[in-house]
Every structure is written in C-alpha cells, then in structure tokens.
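Database features, via Swiss-Prot:
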ACT_SITE  ASP224  active site, proton acceptor
BINDING   LEU109, GLY110, GLU111, GLY112, SER113, TYR114, ALA115, THR116, VAL117, LYS132  ATP binding site
DOMAIN    103-387  domain 'Protein kinase'
Amino acid sequence: MGQELCAKTVQPGCSCYHCSEGGEAHSCRRSQPETTEAAFKLTDLKEASCSMTSFHPRGLQAARAQKFKSKRPRSNSDCFQEEDLRQGFQWRKSLPFGAASSYLNLEKLGEGSYATVYKGISRINGQLVALKVISMNAEEGVPFTAIREASLLKGLKHANIVLLHDIIHTKETLTFVFEYMHTDLAQYMSQHPGGLHPHNVRLFMFQLLRGLAYIHHQHVLHRDLKPQNLLISHLGELKLADFGLARAKSIPSQTYSSEVVTLWYRPPDALLGATEYSSELDIWGAGCIFIEMFQGQPLFPGVSNILEQLEKIWEVLGVPTEDTWPGVSKLPNYNPEWFPLPTPRSLHVVWNRLGRVPEAEDLASQMLKGFPRDRVSAQEALVHDYFSALPSQLYQLPDEESLFTVSGVRLKPEMCDLLASYQKGHHPAQFSKCW
C-alpha cells in the first residue's frame, strides 16, 4: 500500500481496503447467527485512554512526520528507502499497543465514505503501518461494519490475508492499524498495461486461491473481490483485504443480500437476485480477476446496471435455461423474454491470451460457470494442472508462511519493465526487485 493505494474518492476506480467501506451489514464470526449481531460492543475491540491528537501531528511531531515522510515515486519499487526511514527512526519498546501515542502519522493516503487512511510508523518497533481512522457519529457511534470487520480479521491469520496489528478506540475515533502494503493489484496492472507476465499471473492466482481456501475453510465469505482489494507487497506477496462486506457463511448456504460485490465482478446468480449462496460467490470474482491479469483489462466493464451486466455475461456463457441451470427461472431478476441466444463461446476466443498458457482456459472455465454449484472450489482450484509448474513445497507451507520463503519463488520482470530497461541500456539481470 502507499501512494498508489488511494480511496476511490481520490482516484476513480480505486477502492483500497482502507478507503472503500460502506457496504451493507455483514457478520463477523464464522457461522454466528444473525440474532447475535447486537452482542458486538465496542468493548470487543481494544480500548485505549490516549487521545487521537497524535494522528494529526503539530509542532515537533509535525517536523518528525515531515522528516520521515516517504518520497517514494509512484512505481513503488524502492523498498530500501523505507528501510532507511526505519533505521533512522528512534522507537520506544516501552510504548503500549492500543494507544494512539504509539503511532506517528506520516501522510494522508486517501479518504473514503467513513474512514480516512494515513501512512504511519509505529513508535514501538519502527514498522511502517496503515492507519485507518474512522470518525464516530455522535448519535450512531462506530459503523457496525467496522466492528464486524475488526472482529473478523482478528480471527483470520494467514500469509495471504492482510494483517490487523492493533485497534485504538477513543471517544472520537476508532483506528485500525494494518500492516503497510506497497500497492494493490489494480495499481500494479495499471503500471504494467497490456497484461501481466504469465509466471506472475500464476503466482498471484495461487496466492489469491490460497487465501480464499483459508477463509472458506473458516466459514467466511469475502463478498467483494476486485483488484483494488488485493494488496501486494514489494516482494509480490498478495493479500486479501477490505473485509467490509465479508460475513460468516453457513454450510452449504444461507439467505443473504444479493447486493454484494462490485458490479463488474458480481456473479450471474447474485445479479439475478439470488440470496442463497456460498463460497462460489467469491470463485466467480476470482475467475474474473484471473483473466483480467492476462488481458490487462476487466472482462465485463463499462456497464451501468444489472441488465447490461447480465447481457455481457450471456454473450460469453450463453443464456441459461432450466436444463443448464436448474431453478434459474425462479430467480427474481430472471427475464422470461430472453431468447436462448447467443450460444456459449470458448473463453480463449473472447480472451485470446488464455489460449497461450497451458491449462489456463480450463481453470478459468471451471471458475466462470453460470450455475454456481458447477464452479470449482478454491481448494480444488489450487491442485489444478495449471499450477503444476510451481514448486511442490508450496503445498506444504504453514498458513502464515509466505510463498516467497520457498527458494526460487519470485516474480519476473513485466514486459514493460524489460522494454524500459533495454531502452535505458540496462540488462534485465539488474532487476533486483519484483518491479
């Protein structure tokens, strides 16, 4: 995360996990029943007696904030400058967690519907952090979605899930302290237009599915997968973020709202108004992101309403019938006047780069099934032949261990980086970092 991870009010189309809350209610602990939602209180979060004034430094604090403010360019490739920042910062191990005075605000990153995000540094250990500051309404208090997100994230510990370090509660604000990430997948793709290196797509996709398999095993649905909600470190670690719409799920399904997931990544069953769904909801979004990484552009963009979104999907998958999708005609938004045309098309015909990578089209087709029960699970997708080129050690990693701890696992330079290198007369071997 960094200057590249802005709120959607700052850069249209960007909704990084700190800045894009504001969905409907969502539950927070596995399969906890809806009737217990009122049981969540602010006391479930860590309370602190210190004020939040230190997040708006004045005087000496302001001078320190300016001194340690990162000057990293938009490419976010210079992680060494941040290391210099940490080495020059005098931290105090005696400072407590849960106190606003333990963190120093460096710069504002963005602002969302009810949260403002700052890049900060921990005065406890010198680590860079992201400070998500939520102002509490005098009448309504903390947005309930924030309480749910915090409660959920405190129970999810995985290398491909963004880490919540600390929670600070005062009378005026609630602050989430997250690990600092350098960028998100949307920004990474915009910095490398025309599609990503096939090797990098494979690594990113493996990490995405690994994170999904974990949360689905914990009975949690993300419900808002999109590139902006997938954070990337300077090494290339991909992490699921923005659990503002996430909620616990029952097995196999439960009645929820159909108004979930950004429109471009919303599956046809949700578009048709289905309120009973399970983990296959996230699988559709992951499949859309999978192909988008190859193609360099969204699969079904530019639509403004549900009907147009469905029409774009039907152009590829064909219009569903009771034979291909049992029960589809009973869904609220199903239109009986739709004609059973066009016929389904091969994915590689629509998105040509899929056909250039062995097994990529087969995996994508298993994720983008119209009938939700036909979609592959995240755990099944991880053992698909598409990933056979990756080291077998990846499957033995503990949940909290990164892929990049395995020898030889690293991102390759993207094509635009290689071209820029040759234009400058440099050799590709000089790439010491992932981008």
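Including glycine, each Cβ sits where the backbone N, Cα and C put it.
Here the features listed in Swiss-Prot are placed on the structure.
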residue: LEU109; record: ATP binding site; Cβ neighbours (10 Å): 25
residue: GLU111; record: ATP binding site; Cβ neighbours (10 Å): 17
residue: SER113; record: ATP binding site; Cβ neighbours (10 Å): 15
residue: ALA115; record: ATP binding site; Cβ neighbours (10 Å): 26
residue: VAL117; record: ATP binding site; Cβ neighbours (10 Å): 26
residue: ASP224; record: active site, proton acceptor; Cβ neighbours (10 Å): 28
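For the pair formed by LEU109 (ATP binding site) and ASP224 (active site, proton acceptor), distance between Cα atoms is given as 21 Å, rounded to the nearest Å. Residues LEU109, GLY110, GLU111, GLY112, SER113, TYR114, ALA115, THR116, VAL117, LYS132 are recorded as binding ATP; their most distant pair of Cα atoms lies 14 Å apart. Annotated pair SER113 (ATP binding site) and ASP224 (active site, proton acceptor), C-alpha to C-alpha distance, rounded: 16 Å.
Across the residues of the domain 'Protein kinase' (103-387), the predicted structure has a mean pLDDT of 89. Put simply, the residue listed as 'active site, proton acceptor' is 19 Å from GLU111 (ATP binding site) when counted between their Cα atoms. ASP224 (active site, proton acceptor) carries neither a helix nor a strand DSSP state and counts as coil. In the three-state DSSP scheme, SER113 (ATP binding site) is classed as coil.
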